[in-house]
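> Take this structure first; my questions come after.
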Amino acid sequence: MATQASTNPESQSSNALVRAIHRHYSDTTYPRSDQTIEREKFLIFNIPFNRWAMFPTAFIFQAICGSLYAWSVFNDPIDSFIYGSVTNAATGKSTPAAHNAAVTFYIAVGCFGLSAALNGPWLERHGPKLAAIIGATVFFLGNMIAAIGIYTRIIALLYFGYGVLGGAGLGLCYISPVSALQKWFPDRRGLAAGFAVCGFGAGSIILAKIPQPLTAAVGLPLTFVVLGCAYFAAMLICAVVFRVPPPGFQVNGMDMYRNKVEKSGDPEVNASEKAVQDYKDPGANMVLSAAIFSTEYRIMYIMMLGNSIAGLVFLSRLANIIKDIFNKDEATAATIVAINGGFNLAGRLFFSTVSDRLGRKNSFFVMLLSQVIILASLPTIMEKRVYWAFLLVVWILTSCYGGGFGCIPAFLCDMFGPSNIGAMHGIILTAWSLAGVGGGLLFTEVYNHLLANGYTVKDPTVYSANLHWILAVACVGFFFFLFVGTNVRDRLLPKAKGEFARLRVFGHLVRMGSFGVRFVSKADEDAEWEAYVDKRRAEDHAGHSVAAPEVGSS
């Protein structure tokens with residue numbers, strides 16, 4: 001029976017696929033020749049490379065990626081161009097005859113996350129420059145096909161062009177500079193991540209103002225051609241700067257794994273110190289596949305989903321809420337949305353920078369808890385129609401939402417090492433895609449159901465009903481977040497019999513399991529840790545002793 005199974009073509013094909021996936025998510029080695037390393041010391045015209053050049057180029061590159069957030073400005077013009085318009089006899093206003101262009105955004109968000117997840121390991125193996133160039137090329141082709149789709153009035157071409165190709169290209173582009181910056185700035189990981197991703201938020205503000213006058217000047221199809229060409233040229237220029245540090249890179253007495261660089265000239269002493277460091281920072285040498293399937297990473301995925309859901313689903317309706325619930329005009333709603341984008345940008349930079357001092361987990365604690373409290377209070381605020389309170393809590397909510405994107409690259413790098421950051425950041429972005437696509441569809445379904453059952457757009461219930469399940473998702477994210485083991489002892493200390501979870505309360509280890517809740521004293525924890533480290537050293541020493549004769553005999 002075993003022989004038959006092994007010769008079955010379907011079984012062999014399945015096994016080959018599993019092995020290919022395992023290889024793809026296991027190897028993140030980026031081989032470079034000495035000539036390539038030497039060449040990367042310079043930009044063009046023999047201008048010496050400086051790591052700080054990554055900051056402005058990454059910001060511009062990410063700002064172009066952030067044009068995805070400005071897609072809503074195209075919805076009505078595209079629908080009117082493809083399907084025509086109908087005029088309301090009472091008001092005299094023209095509206096599109098159909099509303100299908102918005103689907104492009106959901107397709108793009110889904111392909112964005114999927115592309116980032118699938119291409120992350122490939123990025124680490126081939127470097128950020130090549131990844132950025134290929135991503136920009138795919139995004140450019142997506143814009144060209146979208147232009148053809150609009151011109152020929154074929155909505156499927158628009159979906160494929162901007163939705164599939166554009167989203168996939170942007171997903172690869174998004175993670176390219178973030179991965180490189182984490183390696184160049186081990187001393188400022190939070191700042192580096194925040195500065196890069198705040199460009200994404202800035203793009204949605206800056207580039208949203210361009211399509212309308214451009215469309216008036218050259219027409220809608222050519223707008224995608226002009227923007228696609230301009231974006232492509234700018235992204236190629238930025239990509240020239242992207243690279244990863246050379247072997248032996250050090251900054252402020254620290255390598256890119258955040259290991260302290262020893263000054264001793266004795267190789268044996270340095271080797272011993274490196275062995276001790278591996279126990280302190282296991283993420284520095286963690287294999288990608290092991291990192292992806294670790295408990296900490298799965299918990300962080302749920303945490304990111306909880307942090308993203310409100311910003312993507314509820315805040316996307318902010319303009320409608322301002323107009324329908326608080327009876328403000330179109331201009332006021334547009335101004336509030338623009339200011340809200342500024343808070344998104346500020347949150348990305350503020351929380352990521354503060355996390356370098358406060359700590360990643362503490363920063364996420366503030367962001368997630370703030371969102372839970374705000375989401376719980378919003379139904380009451382909207383019911384009472386307290387406008388100033390609504391704006392205050394929404395802007396705080398937006399800052400926390402943006403802060404999550406600013407902190408997550410540095411958090412992942414701290415936990416799992418810089419060699420895995422591109423792939424792991426890409427995969428965790430699928431939580432953002434899931435929140436955007438799944439959450440958006442659920443919100444719309446609940447919203448339309450309530451409108452069909454007698455409620456109107458002026459009734460806060462159509463929004464507060466959705467806030468209940470959004471709050472539940474945020475609470476789940478916050479609860480699981482408490483169990484993220486950022487401390488190396490939390491991650492490596494062997495579990496007690498019957499233990500299924502652990503967390504820290506004011507620095508003290510707390511175990512939970514079949515025995516209930518057990519607080520561990522500092523003395524007991526230190527004793528367990530010393531026993532664990534001694535066991536690891538003994539096992540490594542025994543392994544080297546056995547392996548040494550085999551190496552010599554060859």
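Glycine is no exception: its Cβ is also placed from the backbone N, Cα and C atoms.
Remember, TrEMBL labels are computer predictions, not curated facts.
If you look up TrEMBL, you'll see 52-71, 97-118, 130-151, 157-178, 190-210, 222-244, 299-319, 331-351, 363-381, 387-412, 424-447, 467-488 marked as transmembrane segment. Taken from TrEMBL, the feature domain 'Major facilitator superfamily (MFS) profile' covers 65-489.
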> Under 8 angstroms, Cβ to Cβ: which one of 130-151, 157-178, 299-319, 331-351, 387-412 has the largest number of such pairs with the transmembrane segment (97-118)?
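Stretch with maximum Cβ contacts: 157-178.
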> Would you call the transmembrane segment (157-178) and the transmembrane segment (424-447) in contact, using three or more Cβ pairs under 8 Å, pairs 6 or more apart in sequence?
yes
> Quick one: do the transmembrane segment (387-412) and the transmembrane segment (52-71) reach 3+ CB pairs under 8 Å, ignoring pairs fewer than 6 apart in sequence?
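When sequence-distant Cβ pairs are counted, the transmembrane segment (52-71) does not touch the transmembrane segment (387-412), since fewer than 3 lie under 8 Å.
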> Report yes or no: does the transmembrane segment (424-447) come within contact of the transmembrane segment (190-210), defined as 3 or more CB pairs under 8 Å with a sequence separation of 6 or more?
no
> So if I exclude everything within five residues of the ends of the transmembrane segment (190-210), which remaining residues of that chain have a CB under 8 angstroms from its CBs? That is, six or more out.
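Beyond its ends, the transmembrane segment (190-210) has Cβ neighbours at 54-55, 58-70, 73, 174, 177-178, 181-182, 184, 227, 338, 341-342, 344-346, 348-356, 360, 402, 405-410.
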> Looking only at residues six or more beyond either end of the transmembrane segment (52-71), which have a C-beta under 8 A from one in the stretch?
43, 104-105, 108-109, 112, 132, 166-167, 170, 173-174, 176-178, 180-181, 184, 192, 195-204, 206-208, 211, 227, 231, 234-235, 237-239, 241-242
